[in-house]
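If you check TrEMBL, you get these features:
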type	residues	note
DOMAIN	102-191	domain 'Glycosyltransferase RgtA/B/C/D-like'
DOMAIN	395-633	domain 'Protein O-mannosyl-transferase C-terminal four TM'
REGION	1-35	region 'Disordered'
TRANSMEM	122-140	transmembrane segment
TRANSMEM	152-169	transmembrane segment
TRANSMEM	175-193	transmembrane segment
TRANSMEM	222-242	transmembrane segment
TRANSMEM	248-267	transmembrane segment
TRANSMEM	288-303	transmembrane segment
TRANSMEM	309-325	transmembrane segment
TRANSMEM	346-365	transmembrane segment
TRANSMEM	464-481	transmembrane segment
TRANSMEM	488-505	transmembrane segment
TRANSMEM	511-531	transmembrane segment
TRANSMEM	591-611	transmembrane segment
Amino acid sequence: MTSHSPTLDPGGSSRPAPGDDGAARRPGPALPAPDFGPADRVRGWIVTGVVALIALVTRLYSLGSATDGGTPIFDEKHYAPQAFQISQLGIEENPGYGLIVHPPVAKQIQSIGGFLFGYTPLGWRITAALAGVLVIVLIVRMTRRLTRSTFLGGLAGLLLACDGVLFVTSRVGMLDIYQVLFVTAAAACLLVDRDRMRLRMHRAALAGRVNPARPGPAMGLAWFYFLAALMVAACAAVVVVLGVSLAGIAAAVALAAAGVAVSVYLLRASDFGRRPVTDLGPRLGFRWWRFGAGVMLGLALGTKWSGLYYIAFFGVMALAFDIALRSRYRVRAPLLGALTRDSVPAFASLVIWPAILYMMSWLPWFRDENAVYRHVVGTKVDADSVWSFLPDSVQSWIYYQSSVMDFHSSLTNSAGNMHPWESKPWVWPMSLRPMLYYMEQGPEVGGCGEDSCVQAIMLNGTPAMWWLAIPVLGFALWRAIFSRDARYAFALVGYAAGIIPWFFMLDRQMYFFYGALLIPFFVIMLALILGEIAGVLRAGRAPSPSQLAEREEKRALARAAESARGREDRGGGFAAGLRVEIATLSRRQTVGFAIVAVYVALVVANFVYMWPVLVGQPITQLAWQNHQWLPSWT
């Protein structure tokens with residue numbers, strides 16, 4: 001007798017093998033509808049390319065015009081010289097810098113511009129502009145993958161291209177745009193990993209490996225002890241990184257509480273130790289996209305230490321993805337399976353590997369004998385210190401890192417460190433306290449048609465988007481909690497990682513440009529809401545396969561009608577395609593699309609109005625005053 005197993009057809013659906021009459025199938029719950037990612041690849045890349053071109057043109061326009069008499073503006077004064085030195089010498093070694101307080105990755109990338117164009121505004125800004133374009137490309141692809149809608153992906157990219165914060169951040173030679181890029185890329189990698197694991201799990205389900213009928217051996221307690229040790233190590237790492245402070249203690253206590261809860265579940269609720277290994281679900285193999293997320297997180301950490309927050313938040317999110325996947329395919333012990341099968345490889349990819357990459361980014365420092373604090377053993381570091389068993393170079397590097405930590409810890413308001421443009425995280429979501437990067441005014445500034453002009457660059461979010469922060473975040477939370485919509489939860493995790501940690505260090509000197517990491521994830525939430533308004537998305541979930549099939553059927557009928565019309569009046573082309581799309585819309589969708597179109601037009605108009613103070617274009621004194629919409633903007 002010949003036996004057949006179920007197979008996966010090219011469309012991704014489950015079907016029995018030839019000769020399977022259905023009665024002989026192994027009993028069990030039906031498999032989830034296959035959903036491994038968007039299918040309209042060509043159209044998706046066309047839309048991505050158009051949005052990327054818009055972003056590229058706007059970011060390269062007059063990129064090197066606004067300077068402080070030919071020199072860098074604002075904090076460019078720190079990073080542009082350092083990046084140029086890296087392009088010439090391989091490392092920052094000007095003793096005038098004293099202590100260089102940020103890791104080298106972003107400056108190493110920025111040095112490419114210095115190598116190509118020299119110490120010029122174009123040289124220290126070109127890589128930032130290209131990084132900004134890549135962020136927009138990633139948001140188009142991420143939103144499209146989240147929603148299964150190329151329309152919403154393009155919409156998110158267009159909105160992001162019209163945001164003042166990302167725009168200005170992309171046009172100055174500072175570090176933040178590179179961290180935005182790496183964090184966004186890490187999130188994108190995790191999203192692709194989620195879809196790839198869905199495919200692997202689906203194939204495993206078709207092969208009968210998700211819940212095999214024959215139980216395997218018992219797990220034993222080795223995994224429990226290992227996970228407990230891992231939790232203790234994580235608590236210790238939190239205290240070491242954050243120090244003995246309110247933030248460090250609170251984070252360690254929260255982590256310890258989570259560890260106790262997991263331990264209770266493992267030992268009691270899940271009968272840990274006596275569970276057969278077959279209850280855990282299948283192993284999913286090496287996950288290259290999750291590994292790629294770790295690479296991006298390592299680069300984010302090598303740009304600024306605040307990359308640590310994303311390692312923590314994204315690590316939890318990756319584990320949540322795995323638990324949800326095993327639950328979706330009815331694994332008997334999904335949480336236990338994710339903890340034992342997935343958590344350790346995830347920890348290696350998302351924690352260990354970023355730490356290794358961070359160390360590797362300092363290799364030029366180790367190679368250069370003139371690097372900052374390169375030889376401090378015997379002077380600043382005692383020869384019999386606790387680290388004396390390590391090579392002198394490693395001891396010097398540890399002292400360097402501790403000095404940077406001391407610098408950041410002491411940069412507080414209570415210590416007298418004040419800045420006229422600093423702000424606290426509660427004003428970031430609505431862009432209530434922007435940053436003035438550059439300003440020249442008076443008779444010496446011409447080009448506005450009057451005797452006295454103003455030329456300024458202000459980091460300010462487009463109000464048509466940022467002023468909706470409270471309702472957008474509230475709606476996203478409601479959807480994530482009560483509708484259990486993972487799309488909103490995904491965006492909220494990225495947003496939370498960029499703002500919540502700062503509330504634990506409110507005494508520290510902070511600036512609005514720290515909030516540049518918020519806008520990519522905020523735009524995703526905004527696009528999701530606009531998708532619901534337009535009827536592109538169902539409330540709480542993506543379109544079902546039956547809905548997609550119904551939509552395609554409507555399109556086919558509309559195309560047939562257009563084809564008949566084309567034979568009569570030789571119509572067709574773009575207009576015919578547009579009529580096809582309109583014909584598939586319901587009345588509610590038509591109204592929704594109209595609302596979305598009006599809103600997008602408002603955002604674009606708002607961005608155009610703000611353009612002069614985003615690029616440093618000369619304007620009149622009256623025009624400058626008209627751009628100051630709030631007292632806190634001055």
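Glycine residues also receive a Cβ, built from the backbone N, Cα and C atoms like all the rest.
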Most Cβ pairs under 8 Å with the transmembrane segment (309-325), selected from 288-303, 346-365, 464-481, 511-531, 591-611: 346-365
CB contact flag for the transmembrane segment (591-611) and the transmembrane segment (464-481), at least three pairs under 8 A: yes
When counting Cβ pairs under 8 Å to the transmembrane segment (488-505), the leader among 346-365, 464-481, 511-531: 511-531
Same-chain residues near the transmembrane segment (464-481), Cβ under 8 Å, at least 6 residues beyond its ends: 159, 162-163, 165, 429-431, 488-489, 491-492, 495, 522-523, 525-526, 528-529, 539-540, 599, 602-603, 606
The domain 'Glycosyltransferase RgtA/B/C/D-like' (102-191) - residue tally per DSSP class, helix then strand then coil: 74 helix, 0 strand, 16 coil
